[in-house]
Amino acid sequence: MTNNTHQSSNTHLEAVFKQKKILRSSVRKALKGMDPSSRSQEDNAVQNIILEAPWFRSSQRLCAYISCSSLREVDTSKVLSEILQNPAKDGHTQMGKKLYVPRVEDKNSYMRMLNITHMDDLISNSMNILEPAPVDGDGNEREDVMQATDPVDLLLLPGLAFDKSGRRLGRGGGYYDAFLKNYLELVKERNWKQPLLVALSYSVQIMDEGVIPVTPNDVPVDALVSPAGVIPITTAAQERCH
């Protein structure tokens, strides 16, 4: 019996991975087909919505991705420069914000989030994606969010496709899901307040409900920001995204 159950769950997972693969290629096609000027309008619209959102303005520590135009991710450069122009002074985050950005460590879905204070802290990796060097200019190790003494309030996440029930389809590497799982476990252990998980999306990336297949490892998001505005999904997001 258990063997059969195991087999059927394997068959189900294979079917899900196949569906994900098909969906990824259709979304990539749609992104490729986006007119550059409307893409740049959507980039600006999403970033302006974030910059004006109360949940962004009140956040003191956050993780955000560094957009890569060849991957056709929603641009985050405006948001990042706004955060870095107003850094947390001497560890005091009353006015400023503390920023952690991703660094991919290896092919086993292992990604860290390291603290940066300037865009100059970033270097191109082998995939030509900007990421922080593990040590700063003075040779000190950068703070890893998993070792930080305070929790982050907000995570700005990329992805390939999303729906209004919080499902997120990544690019297939599993980096974000693995990181989020570990970070959310840490939050639970320490009795911290759950951070808000917000995904950034072009209009072509929003799917009808039920289209995105999920596995138990997929971490849902709390809210979506598209050019049309903020879509709060979870109760936490509804409370904070008024």
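The count begins at 1 with the first shown residue.
From the backbone N, Cα and C atoms, a Cβ is placed for every residue, glycine too.
Look at TrEMBL and you will find K20, K21, I22, L23, R24, R168, L169, G170, R171, G172, G173, G174, Y175, Y176 tagged as ATP binding site. Per TrEMBL, substrate binding site is recorded for I66, E73.
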The rounded CA-CA distance in Å from E73 (substrate binding site) to I22 (ATP binding site) is 19
For each of I22, I66, L169, count the other CB atoms within 10 A of its CB; which of these binding-site residues has the top count?
L169
Listed in sequence order, the residues of the same chain lying six or more positions from G173 (ATP binding site) whose CB sits under 8 Å from its CB are S109
Whole number in angstrom, please: the longest C-alpha to C-alpha distance across K20, K21, I22, L23, R24, R168, L169, G170, R171, G172, G173, G174, Y175, Y176 for ATP.
20
Just the number: how many Å between the Cα atoms of I66 (substrate binding site) and L169 (ATP binding site)?
18
For the binding-site residues listed here, R24, E73, R171, Y175, which shows the highest count of neighbouring CB atoms within 10 A?
E73
What's the number of neighbouring CB atoms sitting within 10 A of the CB on K20 (ATP binding site)?
20
